[in-house]
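Quick notes on the structure that follows.
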Amino acid sequence: MSEGHGEPNQCRKESVAGAAVPSDSPVTDPGQVRAGNSDSGAAKFDGPRGKAGALKKSARYRSRSLSASSADSYSSTSYTDEDEGAQPHEKAIAAGQPNPPYCVRNIEQNAFGRREIEIAEQEMPGIMALRARAKDDKPLKDAKIVGCTHINAQTAVLIETLAALGATVRWAACNIYSTQNEVAAALAHAGYAIFAWRGESEEAFWWCIDQCCTPTATWQPNMILDDGGDATHLMLKKHGAAFKNIKGIVEESVTGVHRLYQLSKAGKLCVPAMNVNDSVTKTKFDNLYSCRESIIDALKRSTDLMFGGKQSVVCGYGEVGKGCCQALKALGCVVYVTEIDPICALQAAMDGFRVVKLNEVIRQVDIVITATGNKGVVTREHMERMKNGCVVCNMGHSNTEIDVYALKTPDLLWERVRSQVDHIIWPNGKRIVLLAEGRLANLCCSSLPSFVVSVTAATQALALIELYNAPNQRYKRWTRDQSRRDPETREADVYLLPKKMDEYVASLHLPTFDAHLTELTDEQAKYLGLNKVGPFKPNYYRY
């Protein structure tokens, strides 16, 4: 645990003019990264904001003291503050190690991180059962996996499972705020090549991913496990020759899958990719059940908010939006929903939620949650009209849903009140509460239910095993000569997880609930035209 554990978080002070805002949005050229954020002194804010200029241009944040109780009441996914001086990779480079074996915030935290991993293992029965069943067969022997996901205790269980199945891994974070520093330290201490820490600058973010993607004499990656598509895009753009040796890509987020389909349509995706996000076990369990619990945890830990009677609007009624709406409604919130899809809108209406346009309710709501996977959902114009104290957060993968860039202006004051919690203050004194600077709130401001992550982790592991061991004819690999194929057929190299594997992942978790499946008789199986052991539903079935 860091020396600052239990102490009030200190507020960052950065220059508005010089601040480089880290982004999870799709990259245009990963090889050309912007300079990271640099801390600088800020002008002190004294008294009421005057008409001559409420904010000095050099001030982005102002300090605010916290009582020990308020600091202790917040427990983030990492107990270490993200602003502990120089970025770790800068220290490594300065020490003459431009390519270190690992790079984490503080390796001395490894014992605490190991305890976190052991706790997670107890609540992840599926991935642990898969590890026990397959470790002797080593289905991932000689696999060299580039991982770019959130790095927390649950991911550590997945990483160590992949290693137990024979793989060698190098891992970076897909989000600059979601890394548990103590877990990264535990993995690095155990010998894994981990490049991540909480509070990475944008330059450090891409440096870490590049450390995993860059081929060397001893490291020739042949698989990618991605969350958001950043590792895939960087390797394609910067290490094109090595990218062609990749046997398969596994992607677990809406944003990353969308980017894969874009590459496929453009004829640039020359290796098979598995869309895990739309597998049943990911969509129906991680997206729905996990978000249903973690959204409340994130809001409670970061704002101490009382939900009863509050008015909230959830933008998007996909599986994530459904989970958020169910949780808020259960705690007494009045919930509105915005949607572009008439089918999802009809679902929301029949679930008892009023479907509105955001402009219709933005002045009255207390909580705004985005869960669309889109960009520009909540704009500066919307935030100008919000009531004082409105809480704004994002549950989608990308930080583009809330227009945070539009808030980086000299007329607005940023006040860091807790880790990942900023008050944005207008010249008239109105403030809104922004969580995690518009990034994924449930990973930045809380923890995840380990059991649900076990479902996703097992799905990812099986997808890697399937792509790595599949015969060449099963999944198409496109060559330059085939790049002129009909654009309508180019999505063929992005696949869904086979239904049988979805069912297998579910079966791994049923013993936890002492659940007993009914078995079909021979006559029943013949009547339905099914194999007695599955799959039990056709691919087009909507659960």
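Note: Cβ is positioned from N, Cα and C throughout, glycine not excepted.
For reference, TrEMBL has these:
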- Gly318, Glu319, Val320, Gly321, Lys322, Gly323, Glu339, Asn442: NAD(+) binding site (BINDING)
- 1-15: compositional bias 'Basic and acidic residues' (COMPBIAS)
- 64-79: compositional bias 'Low complexity' (COMPBIAS)
- 287-448: domain 'S-adenosyl-L-homocysteine hydrolase NAD binding' (DOMAIN)
- 1-100: region 'Disordered' (REGION)
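Once the Cα atoms of Gly318, Glu319, Val320, Gly321, Lys322, Gly323, Glu339, Asn442, the listed binders of NAD(+), are compared pairwise, the greatest separation found is 21 Å. All protein chains shown were included, and the count of other CB atoms within 10 Å of the CB of Gly323 (NAD(+) binding site) stands at 24. Each residue in the domain 'S-adenosyl-L-homocysteine hydrolase NAD binding' (287-448) has a pLDDT score, and their mean in this model is 92. Counting only same-chain residues at least 6 apart in sequence, those with a Cβ under 8 Å from the Cβ of Val320 (NAD(+) binding site) are Asn287, Leu288, Cys291, Ala371, Met395, Gly396. Sequence-distant contacts of Gly321 (NAD(+) binding site), defined as residues of its own chain at least six apart whose C-beta falls under 8 angstroms from its C-beta, comprise Val314, Cys315, Val337, Cys344, Ala371, Thr372, Met395.
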